[in-house]
Amino acid sequence: MASSGGRNPELRKDSVSNRWVIFSPARAKRPSDFKSKTPTNSNHLQQKCPFCIGQEHQCAPEIFRVPPDDPNWTIRVIENLYPALSRSLCDPSAPSSDSGHRDIGNRVLDGFGFHDVVIETPIHSVQLGDLSPEEIARVFLAYRKRIEQLASRDSIEYVQVFKNHGASAGASMSHSHSQILALPIIPPNVSARLGSMKDYFEQKGKCCICQIESEDLVINASTNFISLVPYAATFPFEIWIVPRYHSAHFHELDAEKAVELGGLLKLILRKMSLQLNNPPFNFMIHTSPLHCNNASELAYTHWFIQIVPQLTGIGGFEIGTGCYINPVFPEDAAKVLRELLGS
Ligand SMILES: [Zn+2]
Ligand SMILES: [Zn+2]
């Protein structure tokens with residue numbers, strides 16, 4: 001079988017997640033043969049889609065819309081009709097709260113939190129990558145506004161912004177949307193990332209994400225952002241978009257940089273769609289815990305966006321070991337995506 005230059009398998013450790021990844025090119029065809037067998041086809045019109053403009057009455061309550069109070073909205077942030085956590089439970093940090101079993105020592109917390117949906121466009125057939133850089137920027141700024149609202153609550157420790165595109169990536173609605181989950185805990189991947197980035201900082205005196213600019217892994221770059229395949233990518237064609245300036249929190253993003261980021265995300269989504277046959281994908285914003293404000297912690301945490309096309313499944317080996325097998329070397333994936341569209 002044709003492998004990428006007949007390379008031997010290799011183990012690489014990612015300095016951000018502190019996880020080992022096995023690169024095993026013999027399992028794959030050429031990197032350019034890696035296409036989704038289940039492309040997302042969401043252009044069909046869905047009857048009575050509650051996310052479409054004019055169907056607002058079918059949705060859970062609205063939190064805000066852009067522009068405010070405009071019936072011709074471009075973005076709506078609403079409550080999730082089927083939330084993973086409940087906003088109506090007593091806020092554990094509220095002074096009146098006095099529940100006996102809310103004891104971290106017992107590893108039980110009330111399921112308090114916020115689970116919101118961001119409807120990215122009023123039009124059913126439009127996908128995030130179809131929007132202009134300015135329109136994508138408005139989606140980022142809606143995330144920012146909502147994160148700022150959630151950050152005002154002491155009990156919320158972390159906010160995860162994510163997007164599931166395509167049914168096999170977990171999207172239950174084909175209308176383009178993303179989700180925001182605000183948690184009363186710091187999730188395990190975030191703790192592991194912070195620990196790993198702290199170790200790197202203590203050893204080298206530098207933020208590890210500020211250091212990752214490596215030419216053969218870069219896909220595209222703009223003034224303030226860089227898109228690349230990480231050195232120890234967990235998944236084939238996994239892509240990160242990273243600010244080139246040091247910034248701990250996504251919600252520090254300003255309006256001007258949001259447009260630049262929108263342009264780069266649009267380009268990456270277009271390349272992924274063309275090269276990988278419009279695959280289902282997940283997109284995650286990795287930021288820092290909300291109440292991390294001390295200078296030493298802010299020095300080694302750095303937000304970024306991770307985009308993962310769903311091309312391979314997870315099997316027993318991955319579940320058993322927490323170690324992933326990636327059949328495409330990151331430099332090969334980066335080359336395929338860099339050279340597309342002559343950019
Ligand atoms: Zn719709
Ligand atoms: Zn940094």
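Cβ from N, Cα, C; glycine included.
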Check TrEMBL: it lists Cys49, Cys52, His124 as binding Zn(2+). Then name which of His175, His177, His246 it lists for that same site.
His175
Roughly how many Å separate the Cα of Cys52 (Zn(2+) binding site) from that of His177 (active site, tele-UMP-histidine intermediate), to the nearest whole number?
11
For Cys49 (Zn(2+) binding site), the same-chain residues 6+ apart in sequence with C-beta under 8 angstroms from its C-beta are Gln55, His124, Met173, Ser174, His175
Over the domain 'Galactose-1-phosphate uridyl transferase C-terminal' (197-339), what is the model's mean pLDDT?
93
